[in-house]
Amino acid sequence: MEAEKAAKVCPGTDSAGVSYTSHLDLWSDDKKKASWYKKAEEYWDAQAATLDGILGGFPETSEPDLRESRRFLNIVRSAPKPPGRRRVLDCGAGIGRVTKGLLLEEFDSVDLVEPNERLLEQAKKEAGDARTERFIASSLEQFAPEEARYDVIWAQWVLLYLTDEDLVAFLERCKKGLSSNGTIFVKENVVIEGQWNVDRDDNSISRTDAMYKEIFKKAGLVLQDELRQAHWPKELVPVKMYALRRS
Ligand SMILES: C[S@@+](CC[C@H](N)C(=O)[O-])C[C@H]1O[C@@H](n2cnc3c(N)ncnc32)[C@H](O)[C@@H]1O
């Protein structure tokens with residue numbers, strides 16, 4: 001029983017060339033955890049509130065990204081008991097790129113949550129319309145979705161900033177935020193072969209597929225579907241989409 005509860009030890013590396021025997025060493029005390037989040041905050045403070053800034057210098061990836069997301073959403077919608085189309089939450093929304101290019105076209109209304117107030121202001125300018133209801137300034141580790149408010153919770157290129165412990169806790173809170181048949185969509189950089197890697201520029205972790213699946217299980221979520229992003233530059237970390245339901 002204890003062995004089951006114990007987190008799996010996953011070795012990995014960071015962009016400074018340091019090797020780790022376990023990813024948990026990244027966040028093993030409060031000081032490390034605080035500096036983990038501070039780095040990401042500082043990084044996003046320094047980025048331009050533009051497509052180029054939000055996509056790390058690869059603005060051309062936005063279009064294939066949104067196209068594949070829509071394809072995945074339609075696959076999930078064609079399964080029995082699909083999620084509703086009423087309200088969606090965009091997590092780590094940045095300048096509202098996903099809200100504007102996908103979610104507003106696919107749902108009646110969108111809430112956005114984003115900790116960087118400058119980016120959130122830009123999201124209001126770029127994606128704000130009568131159907132964007134709430135612009136919430138918060139980090140995900142401090143945020144709890146309102147109970148049963150969302151048909152879909154969309155988290156893209158943001159869970160890579162959360163520690164494992166905070167991510168499991170966040171997903172557990174998301175479960176409570178879902179309506180019936182509600183679905184959580186996760187779209188993240190995922191290492192398909194090899195070990196996890198941390199980018200020390202912004203303290204983001206590219207987890208392995210197995211690490212994500214372990215986290216989903218811990219949070220009491222069932223993997224309904226998964227798809228690897230196609231039409232993706234070879235020099236970039238692969239991207240995967242997961243659709244998750246309450247177990
Ligand atoms: C790569 S951008 C992605 C933005 C948007 N999801 C998209 O795909 O266009 C990462 C976003 O995550 C936000 N972020 C960073 N750390 C976060 C945290 N702990 N909680 C919530 N958002 C965070 C950043 O401020 C930034 O807007």
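For all residues, glycine too, the Cβ spot is worked out from N, Cα and C.
TrEMBL labels come from automatic prediction, so no person has curated them.
Features reported for this protein in TrEMBL:
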- GLY92, ARG97, GLN156: S-adenosyl-L-methionine binding site (BINDING)
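In the three-state DSSP scheme, GLN156 (S-adenosyl-L-methionine binding site) is classed as strand. In sequence order, SER69, CYS91, GLY92, VAL98, PHE185, VAL186, LYS187, GLU188 are the residues of the chain that are 6 or more apart from GLN156 (S-adenosyl-L-methionine binding site) and have a CB within less than 8 Å of its CB. A sphere of 10 angstroms centred on the C-beta of ARG97 (S-adenosyl-L-methionine binding site) encloses 24 other C-beta atoms.
Note: the S-adenosyl-L-methionine site is recorded as GLY92, ARG97, GLN156; in the same chain, ILE54, ASP90, CYS91, ALA93, GLY94, VAL98, TRP154, ALA155, TRP157, VAL158 also have Cβ atoms within 8 Å of that site's Cβ centroid.
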